[in-house]
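**Q** Below you will find the structure I want to go over with you.
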Amino acid sequence: MNVRRVESISAQLEEASSTGGFLYAQNNTKRSIKERLMKLLPCSAAKTSSPAIQNSVEDELEMATVRHRPEALELLEAQSKFTKKELQILYRGFKNECPSGVVNEETFKEIYSQFFPQGDSTTYAHFLFNAFDTDHNGAVSFEDFIKGLSILLRGTVQEKLNWAFNLYDINKDGYITKEEMLDIMKAIYDMMGKCTYPVLKEDAPRQHVETFFQKMDKNKDGVVTIDEFIESCQKDENIMRSMQLFENVI
């Protein structure tokens, strides 16, 4: 395969994977990213235009009889980078999609597949679900969702890269191995589907993994640490640019 083409595809994949896959689109603009997020939470596009509606949403948070009772708005506001009003809007959309107050993995996969109808996002959504499910109980609560979204949208570069590393580190042992990276890359290629037209060779994911490790495995010990990952990403203009696209999309 042409070396320049591999490098170009690698850059696209790094942008997509380093930000949870939300960024990959034909036109990676703040508007297109916002549209994707609103598609995930359709009711979040509705404005809480009056105090009565705002109070209604707040009452839902405090008095809900759903299976999972979310934390108080004030606590979530302190733990995230969203305002109280933004949390009210996001909760309305979340509860509309997930009346029980939590999202299981199958529902998460169904929702996420809307982002990538041209491919198969099932495996990548599994990895992404595990990144949001921080307490590993098999469900993503509103709190889990908000904390992850807060990092992706408004976190510092360091926070976003830590989140991305955790996504790659499948077994959570503090290292990214070639096997883990290959699993992630295969999932991303499947997810992107027609976006990789013309169709790439079967060994393309493995080639991307080799490129990734040549760039990031500084001491050549066969694994990538969090420090190596962050240092390499901070020197990559494409990845840094993709991080900025997330700012203020809500």
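Every residue, even glycine, has its Cβ placed from backbone N, Cα and C.
Feature table excerpt (Swiss-Prot):
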- 61-117: domain 'EF-hand 1' (DOMAIN)
- 120-155: domain 'EF-hand 2' (DOMAIN)
- Asp133, Asp135, Asn137, Asp144: Ca(2+) 1 binding site (BINDING)
- Asp169, Asn171, Asp173, Tyr175, Glu180: Ca(2+) 2 binding site (BINDING)
- Asp217, Asn219, Asp221, Glu228: Ca(2+) 3 binding site (BINDING)
- 237-250: region 'Interaction with KCND2' (REGION)
**Q** Using DSSP, how many residues in the domain 'EF-hand 1' (61-117) fall into helix, strand and coil?
**A** 32 helix, 3 strand, 22 coil
**Q** For the recorded Ca(2+) 1 site, whose residues are Asp133, Asp135, Asn137, Asp144, find every other residue on that chain with a C-beta no more than 8 angstroms from the centre of their C-beta atoms, and list them by sequence position.
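**A** Going along the sequence, the neighbours appear as Phe132, Thr134, His136, Gly138, Ala139, Val140, Ser141.
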**Q** When you measure from the Cβ of Asn171 (Ca(2+) 2 binding site), which residues in the chain that are at least 6 apart have a Cβ under 8 Å away?
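**A** The answer is Glu180.
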**Q** Determine which residues of the same chain, besides Asp169, Asn171, Asp173, Tyr175, Glu180, have their CB within 8 A of the center of the CB atoms at the recorded Ca(2+) 2 site, and list them by sequence.
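**A** Near the Ca(2+) 2 site, beyond Asp169, Asn171, Asp173, Tyr175, Glu180, sit Tyr168, Ile170, Lys172, Gly174, Ile176, Thr177, Val223.
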**Q** How long is the line from the C-alpha of Asp169 (Ca(2+) 2 binding site) to the C-alpha of Glu228 (Ca(2+) 3 binding site), rounded to the nearest angstrom?
**A** 13
**Q** About how far apart, in whole Å, are the alpha carbons (Cα) of Asp133 (Ca(2+) 1 binding site) and Asn219 (Ca(2+) 3 binding site)?
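**A** Rounded to a whole number, the Cα-Cα distance is 32 Å.
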**Q** So how many other Cβ atoms are close to Asp133 (Ca(2+) 1 binding site), meaning within 10 Å of its Cβ?
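**A** That number is 21.
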**Q** On the DSSP side of things, how many residues of the domain 'EF-hand 2' (120-155) fall into helix, strand and coil, could you say?
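**A** Secondary-structure breakdown of the domain 'EF-hand 2' (120-155): 24 helix, 3 strand, 9 coil.
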**Q** Can you grab the distance from Asp135 (Ca(2+) 1 binding site) over to Asp173 (Ca(2+) 2 binding site)? Cα atoms, rounded to a whole Å.
**A** 15
**Q** Round to a whole number and give the Cα-to-Cα distance in Å for the pair Asn219 (Ca(2+) 3 binding site) and Tyr175 (Ca(2+) 2 binding site).
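**A** Rounded to the nearest whole number, the Cα-Cα distance is 13 Å.
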**Q** Determine which residues of the same chain, besides Asp217, Asn219, Asp221, Glu228, have their CB within 8 A of the center of the CB atoms at the recorded Ca(2+) 3 site, and list them by sequence.
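**A** Apart from Asp217, Asn219, Asp221, Glu228, the close residues are Met216, Lys218, Lys220, Gly222, Val223, Val224, Thr225.
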**Q** Hey, how far is Asp144 (Ca(2+) 1 binding site) from Asp173 (Ca(2+) 2 binding site), Cα to Cα, in Å?
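**A** A Cα-Cα distance of 21 Å.
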